[in-house]
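Read through the structure below, which is laid out as structure tokens, and then see the notes.
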Amino acid sequence: MKRSFSSAFTAGVLLIFLAVLAAATWIDLPLSQALYHPNQTWAIYLEAMGFYPFYFPALLWLLGLANDAEVKGSIRTLCTAAFTAATALMAYSSYHHLESRGVQLAFVPVCIVWTILLFGYVFILAAESRCNAAWRKRERFGFFWGTVYMLLGNIIIHVIKPIWNRARFDEMMQQADFSNFTPWYQPFGAGGSSFPSGHTAAACGLIFLVFICDAFPQYRKYRKFILILCSAYIAAMAASRIIIGRHFLSDTVAACLIMAGSFLLMRRSKMYREMLDKLPLAESDAPEKEIE
């Protein structure tokens, strides 16, 4: 009964997405014109840093391997270099976004956020050192599949973008000419990368927390709560992309559908189930203190 309810709920959510996508055929352009506010501060900061969750699993996976004494020295060095390069690239991307939007002293918020994140990474490493090997394997299961989710999403999104070639709203707005506007279902547009929304897809990356919950039986009861929080974050990101004119409603909904489909297929894949079943799940393997 529980599984059938879950399947029905999932099907219902997907149908809602499809209905909104269908409605976007008529409301895409007027909605963007009504909501356009390129100087909205919270939307600018989400653009600059809201994509981070997509890459957290990969960074944490690399960091864990880099500090694992059981991993070969050359691999640890490679993981450290990859982690350093990725964090530097993400920080620069955030700075570039903020500076291009006219934010004064754009490096200050970037430095503050990354200082907090790096302290968080140190805390996670310290916590890992107090856990046994079984705990770390389950944790890295979540990081690994979060990384796969990120890679798969990036590939799909960036394969579709040049095919659809859809013009962005803000670029047409600057030219005061919407003749290049095309509906979401029409590929080979006049030029652009509006469809689908990469930032909205990146926000979906926060769902990697569900993979971690899958690996820990005592945390599985929190999956619905996590999905609600993730949905709120994804909705905020989607709204921000429309408000600052980088995407239409259909761009964001399409990204959600792509990532939702990828998520469902991954969790139902044979490889995912086999890896999950092979994890050490004995209660005695868990740390002494657990979340109630």
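Cβ coordinates are placed from backbone N, Cα and C, and glycine is handled just like the others.
Residues or ranges marked as domain 'Phosphatidic acid phosphatase type 2/haloperoxidase' by TrEMBL: 147-267. Per DSSP, the secondary structure of the domain 'Phosphatidic acid phosphatase type 2/haloperoxidase' (147-267) breaks down as 89 helix, 0 strand, 32 coil.
When Cβ-Cβ distances below 8 Å are used as the criterion, the transmembrane segment (42-63) is approached by residues 79-80, 82-83, 86-87, 90, 93-95, 97-98, 101, 103, 109-110, 113, 117, 121, 124-125, 140, 142-147, 149-150, 153-154, 198-199, 201-206, 208, 211, 233, 236-237, 239-241, 243-244, 246 of the same chain, each at least six residues removed from its ends. Positions annotated as transmembrane segment by TrEMBL: 42-63 (among others).
Annotation source TrEMBL lists transmembrane segment at 75-95 (among others). Tertiary proximity for the transmembrane segment (75-95) is limited to same-chain residues at least six positions away from its ends with a CB under 8 Å from its CB atoms, namely 48-49, 52, 55, 58-59, 62-63, 65-68, 106-107, 110, 113-114, 118.
Sequence-distant contacts of the transmembrane segment (107-129) (same chain, at least 6 residues past either end, Cβ-Cβ under 8 Å): 45, 48-49, 52, 59-60, 63-64, 67, 87, 91, 94-95, 98, 136, 139. Under the heading transmembrane segment, TrEMBL lists 107-129 (among others).
Look at TrEMBL and you will find 141-164 (among others) tagged as transmembrane segment.
If you look up TrEMBL, you'll see 184-213 (among others) marked as transmembrane segment.
Residues 31-32, 35-37, 40, 42-43, 46-47, 50, 53, 197, 199-200, 202-204, 206-207, 209-210, 213, 249, 251-253, 255-256 of the same chain, all 6+ positions outside the transmembrane segment (225-243), place their C-beta atoms under 8 angstroms from a C-beta of that stretch. Among the features that TrEMBL reports, transmembrane segment is placed at 225-243 (among others).
As annotated by TrEMBL, transmembrane segment applies to 249-266 (among others).
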Legend entry - Same-chain residues at least 6 beyond the ends of the transmembrane segment (184-213) whose Cβ lies under 8 Å from its Cβ atoms: 21, 24-25, 28, 46-47, 50-57, 138-139, 141-143, 145-146, 149-150, 153-154, 157-158, 160-169, 171, 219-220, 222-223, 226-227, 229-230, 233-234, 236-238, 240-241, 246-248, 250-252, 254-256, 258-260, 263, 267
